[in-house]
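Residues or ranges marked as domain 'Neurotransmitter-gated ion-channel ligand-binding' in TrEMBL: 9-207. The transmembrane segment annotation in TrEMBL covers 208-232, 238-262, 274-293, 382-400. TrEMBL lists 215-318 with the feature domain 'Neurotransmitter-gated ion-channel transmembrane'.
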Amino acid sequence: MAALTGSQAIMKDYNKYLRPKFNEKPIEIAVSLEVASIDAVSEENMDYTATINLRQRWTDERLVFEGNRSITLDARLVESLWVPDTYIVDSKKSFLHDVTVENRLVRLFANGTVLYAIRITTTVACKMDLTKYPMDRQTCKLQLESWGYSEKDLTYVWMRANDSVRGMDHLQLAQYTVEQYYTTNSIGKDETGNYPRLALCFILRRNVVYFILETYIPSALLVVLSWVSFWISMSSVPARTCFGVTTVLAMTTIMMGSRFNFPTANCIIKAIDVYLGICFSFVFGALLEYAFAHYCSELNSAVNKEKIKNSLEEPEHDISSVLIACDSKQLNRKENQTENAPEKNSLKNSVIFKLWLKIKIIRLKKFNVTNPENVDRYSRTVFPLIFLIINIIYWTYYLLI
């Protein structure tokens, strides 16, 4: 009864709708928080979900009582007290834990200091730069701000600077490691005024080992597998075609799987997309290499057959001599008017055919590879060398720059 009487005396003439030090200087709210967990970091939605214990401390002179002790009040009494209107900036959704009761703590000290603690799970937006994914670092923020009290009425401070945040050193995340965290104090500018703001900034470094094992190594091995076709005989058309088509389809599957966690509207070209594009180009290039080598082989065979055919025929006149003969015949057209017309047409058709045949042979020789086997022989060196150079440039740029 004495305790009840004491609490009633404390709350006598107390107005919860007016802040402490009303019409006086701004009230100072000291904040500390403990990060219990960061459950999920979503690149698709560009947000993270965290569970935090938020503690706020301020002094309300209207709640001073005699003694040298503190009183822990029932959490339901918070409805009878003035509390700061703190909210989480950029929060998409949040909820207060209420199992088995609402997770609230209200502790009152003799000098009027109030400690108010709550346990919240919130999903907060985090702007991400995914151009270096999966070798990226993301800087996310957890910002606390007053909703209605401007800087003239209320100010926020961290209780113990960076030591005001606990739990960040022991967090276990699936894909990330907390590389660094720090606190800031700033002012949020809005159309309705300037509001005090506190921010916890933390840098998340993605663990790239998972992606190396899942994507990078399989992609590189598929590229190496496509080079096996360079050692297969050019006459083995089914075997070489099977290698090319299979590796192209496998690379396509890996590329589709790498974008599974991203929205279709996301047009960001990421580091992993660049590498998969490089690997796909080499795999497809190996398939085109066989098509080119096979074409050169068929072309070389056609030229050889043409040469054999021409060697069996009568010796041909030189094109220049044929043209000179034609010119002389045109000059002596009047003397040869008595000649038979069908013989003229036959000679003319014969010259045109021989000219067409010569041009065809020249074209075949121009685009002909003397030894088509050299295409495979050179590819065995050129493809691995270029792939190695591109890998050195790629990893140097994305890891060191």
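Just so you know, glycine gets a Cβ as well, placed from its N, Cα and C.
Tertiary proximity for the transmembrane segment (382-400) is limited to same-chain residues at least six positions away from its ends with a CB under 8 Å from its CB atoms, namely 132, 135, 220, 223, 227, 230, 271, 274-275, 278, 282, 285-286, 289. Over the domain 'Neurotransmitter-gated ion-channel ligand-binding' (9-207) the predicted model carries a mean pLDDT of 91. The DSSP breakdown of the domain 'Neurotransmitter-gated ion-channel transmembrane' (215-318) into helical (H, G, I), extended (E, B) and coil residues amounts to 81 helix, 0 strand, 23 coil.
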